[in-house]
Each structure stands twice: as C-alpha cells, then as structure tokens.
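Feature annotations, reproduced from Swiss-Prot:
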type	residues	note
TRANSMEM	12-32	transmembrane segment
TRANSMEM	39-59	transmembrane segment
TRANSMEM	128-148	transmembrane segment
TRANSMEM	163-183	transmembrane segment
TRANSMEM	204-224	transmembrane segment
TRANSMEM	237-257	transmembrane segment
TRANSMEM	272-292	transmembrane segment
TRANSMEM	300-320	transmembrane segment
TRANSMEM	326-346	transmembrane segment
TRANSMEM	373-393	transmembrane segment
TRANSMEM	407-429	transmembrane segment
TRANSMEM	450-470	transmembrane segment
Amino acid sequence: MTAETILLSLHLSAPELILAVGALVLLMVGVFSGERSGLVVTGLAIVLLLASGLWLLFVPAEGLAFGGVYMADGFSRFMKLVALIGSLVALFMTMGHARENQLDKFEFPVLLVLATLGILLMISANDLISLYLALELQSLALYVVAAINRDSLKSTEAGLKYFVLGALSSGMLLYGMSLVYGFTGHTHFTEIAQALSVEGARSLGLIFGLVFILAGIAFKISAVPFHMWTPDVYEGAPTPVTAFFAAAPKVAAMAMLTRIVITAFQPVLADWQQVVVFISIASMLLGSFAAIGQKNIKRLMAYSSIGHMGYALVGLAAGNQTGVSGVMLYMVIYMIMTLGTFAIIMSMRRKDGTVVEDVNDLAGLSATNPFMAVVLTALMFSLAGIPPLAGFFAKYFVFVAAIEAKLYALAIIGVLASVVGAYYYLRVIKLMWFDEATGEFARVSSALRLVFGLSGLFVTAYVLIGGPIGGAAELAAATLF
C-alpha cells in the first residue's frame, strides 16, 4: 500500500478512528480522574460519539479502504448515523441512573464506545474476515456490559448466558464462512458474488455455508430460532444496558445481514430467500404469541423485539431495492420507538426508590402522570402498527416490498401477526387508562423525559416529517444495487 492509499483509507475510516483513539484516551482519563471518573468519562464518551456522527454527516466519503475489506458508501453512512444516535441516546439515558445500576464505573462508557466501534466496522465490512473481527469486537464488549452489575445475580446470569450462546453463534458463523471460502476461494463480498455467478458454482456445501452464516447473524438480531437469550438478557441486564442492546447492535446486525446477502449472495437469492422467509415468519409468530402472557415489561419488550426483527426481515426477504430501503426505514423507526419505551421503563420507580418492572405497575398511570401515559400510549400504538403513527409506515413499506417480490403469503402472515401482536400493546394502554392506580412514581429525570418526549413526538409527527428520512433511505439502499 502506498502512502496515498493509506491516507485515503484513514480518511474513509475517520469515524471509526475517532472512536478507537478516543476509547484509549478515555481509559487513561478514567484511571487518573479519581472518584468522579464515571461521570467525566461518560461526558467525554458522548462527545466522542457526537464527533464521529458529525464527521459522517458533514464529510461524506465513499470508496474502498484497507485493500477492499472496508466499504464506505451511502448505505453504510445512513446505518452508521442511525447506530450512533442509538448509542448516544442510550449513554445519555444512563447519566442520571448510573449509580443505582452499578454503571458509575468509568469502564462502562468505554465499553459502550468500543461496542459502537465494532458496530460501525460491522456496517462497513466488505469481507468475511473483517466482518467477523468487527462482530467479535462488538460482542466481547457487550458480554461484559451485560454482567456489569456484579451485585445482581440476574445480571451475572444474563452475562453468562449471553456469552455462552454468543460464542456458539460465533462458531456457527465462522464455520459457515469457512465453507463459503472453501467453495468459492474468496472472502471479499464482490468476489464471492462473481464466483457464484459462474454456472455450476452453486453446490450443496456452499448452501450449507450460507445457512450457517445466516444462523450466526440471526442470533445477533434475536430472530427465531436463535432468540433464546433475548428474554433472559433483557430482564437480567440493568435497564440502561437493555436499552442499548435493543437499539444500536440490532441496527448493525441487520445492516450486516443486508449487505452480505445483497452484495455477496445475490446470485443465489432463491436459496437464502427461503431461509429468511422461514426466520421472518417464525419470529413474527413467536414474538406475537409469546408476549401475550408476559408480566415483566422488559421480557414483554424482548418478545416485541423478536417480532419486530421478523417484520424487518420481510423487507429483506423481498431481495429488492424497495425491500432494503424498507428494512432501513424499519430499523430507524423501531430504534426510536424502543429507546422511548425504555426511557419510560427506566422512569418506573416508586417514591421510596423501589424500581418496578411489572406491567401491572402501570395501572392508573394516566391519573398520576398524564404526560408519561400519553407518550407511552403513542409508543404502544406505534409498536402495534396503528395508522397514522410511524410504526404503521414501517410495516407498510416492508409489506409493499414483499408484495412486489410476489411473496404474498409472507405479507398476509405479517399482517395477521400484527393483529395478534396488537393485543399486548393494547393491554398496556388499557391498564394505564382504565385501571385503578396502585401508587405514584417518583419524579422523572429531565434526561429521560426529554428522550421519551422526543420519541413520542417523532412517532406522532412521522406522517409530516417522514418524507426526507424515507428519501434518504431510498438513496442509501440504491448504493447496494
């Protein structure tokens, strides 16, 4: 590599370099800043994430870096901005609640920055090896974050369960990659696509490799049948950590899955489409039915998340440009709805400081905290896909893509699953507005109020402000085709 290509590579990967160098600086600051290290490092971590996002926004650069293993294009830029917003909001939400969740250690924001670095690299990965390394960087940070509350048995259990199942999924992914490399002789996505375009290149071993890769990535997005870790980890991990898990890593994994199937495996679309359709249907149905009996609101959100990943996969199964832009839009709307809901869950504490997570504790919320009740009602209606809220448009675009691809059965099952899924969202609304209050919540912090207030505003005003976001998603999706 010449000096010119090295400089070009560094320029293209500047958002990641900001986080990588910044994380090392944060470690030094944390060691030398005494008792207030947690707060200082969290503030600096937010500045780092902002700097990375602003670079992406105002210094658009496209091209291949580091010998073609890193791709900077419109798709990666869009998804990175979404993921950075998710990380930024999740970190901002922890600031007022760090001590009670054992998150006041300076290592926590550093781990979040390292996980976000892995997330950005995952989105730009253009090679099987760079994809795996980025995925592991993100995963290793998240394993520690899940178990960071050492005084909580549930948190420790969540971290251990996530680690064991995560290691299993990484092994499946790596085995799939080795099969694909063995049958094509390449690890670059574009070269894999060229090798698969040759007549007779599609062999049984290659299809096995593809299935293993899809299985490994399905674990990361909590898709059925690789969802087992999600309810336990969501319930056991500290709530600010769960909010992060539900946002940025899901965006990155979905972006990674989209890039690999559209760029590398487009010539064998008929093969991976069947697998994605199955995973999508299973996720939608399990997410809708399993959430009905849940009492813990974090477990309910875990099954809701599984269902939503199923809906997003409807767009990916279509395998067309409309589907990809639908997936991108779905992830934006899903992330904002989820972060808003978790901001409200973090606000569920009694005046004596007791944290409550039972759905029934929301009873009578409209009488004790009308603003929170109104926002949560809007978010629940949006998660259920009720028009004219943002969640309706998210589902509408992926179903339209499925119909364009003649996947009529998939679209019909998706609509029916939405109807079933609406039950548990409406149950929460009924509790808030029609049941007697069981007690008042403590005063909500201004940070959380800001997050859920803006989320509620977004889902209700999406019909007016959604045009530019949809247009940006379409332009970004076009770069993959």
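Backbone N, Cα and C atoms are what each Cβ position is placed from, and that goes for glycine too.
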Cβ pairs under 8 Å between the transmembrane segment (326-346) and the transmembrane segment (272-292), at least three: no
Top Cβ-contact partner of the transmembrane segment (450-470) among 12-32, 373-393, 407-429 (pairs under 8 Å): 373-393
Contact call for the transmembrane segment (272-292) and the transmembrane segment (204-224): at least 3 Cβ pairs under 8 Å, seq gap 6+: yes
Intrachain residues whose Cβ lies under 8 Å of the transmembrane segment (237-257), provided they are six or more past its termini: 75-76, 79, 82-84, 86-87, 89-91, 93-94, 97-98, 101-103, 112, 115-116, 118-120, 122-123, 125, 131, 135, 138, 142, 145-149, 152, 155, 158-159, 214, 217, 220-222, 298, 301, 305, 309, 312, 316, 327, 331, 334-335, 338-339, 342-343, 345-346, 355, 357
